[in-house]
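In TrEMBL this protein carries:
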DOMAIN    102-220  domain 'Palmitoyltransferase DHHC'
TRANSMEM  12-35  transmembrane segment
TRANSMEM  41-61  transmembrane segment
TRANSMEM  150-177  transmembrane segment
TRANSMEM  183-202  transmembrane segment
Amino acid sequence: MASVRCRRDPCGVICLILTYFSVFYADYVVIQYVLIPAYSGSVWCTLHGSVFNLILLLLLACHSKAVFSDPGMVPLPDTAIDFSDLRSQSSRMSERGCEGWTVCSRCETYRPPRAHHCRVCQRCIRRMDHHCPWINNCVGELNQKYFIQFLFYTVLSLIASNSSSVSIISTFTYFFLFHSAHYIILLVESVLFGVFVMVIFYDQLVSIITDETPIEQMRNRLTLSHTRKPKLALLREVFGRGSIFCWLLPLHSSPPSVSGITYSALPDYDV
């Protein structure tokens, strides 16, 4: 489970409520004011409604996994680190072959390479991408897959909710005289969220295939001599090494390892 601290973020709680409200409102408008008035009694009404609700179900499942999954929080030490002995500790770390490990002065813990501190969660997150208020959680090494799936199904739901617009032209007078307000609200919601989500979705894919998180881009932590892995291998580190079709489902995948470093155990603290 993710840290309880980030659950107390007021902005994150509001965004969670807004997310679920938007999803259920879109479902209500599509079923009640689009499909039933225009296609009542037809196979298209049942088919479109079933597909749309299946997309929303996958959307909510992926969102829940992104919300409640551990993003990759670095375990806290049993005892506080003695920062007066930091240099000797760092030298011993190098002797153990743990180059790239750093010390977080806020968490007072050793963190693996590419881990960063989140001010909202107040913990260090492995391969942290950013803290997302829409899931009230960090996007990190262990839940980035679910976050991207959530974005993907959000785009699909926005497309499906407006796919009947062309056919509704035949019922233009009826629809816009009695139900224009709901449809306009749904259209505005689709446009605003659609542009926003597609930009984030593109940014997430770019950060994966370039093997560089936004934090690393800003801080220029990756040098020019950094050897990049094949794009497919980088995608498999996030989505798992199974079938590509499984990438669309919120299934659990084994934690990835970077450069042979696993995070199941931390180095000795010797404090």
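Residue numbering: from 1, along the chain as shown.
Backbone N, Cα and C define each Cβ position, glycine as well.
Owing to the predicted nature of the structure, the values given are computational and were not obtained by experimental measurement.
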Local confidence of the prediction over the domain 'Palmitoyltransferase DHHC' (102-220), expressed as mean pLDDT: 81
Spatial neighbours of the transmembrane segment (12-35) far in sequence, C-beta under 8 Å, 6+ residues away: 6, 44-45, 48-49, 52-53, 56, 59-60, 63, 67, 120, 133-137, 157, 160-161, 164, 168, 175, 179, 182-183, 185-186, 189-190, 193
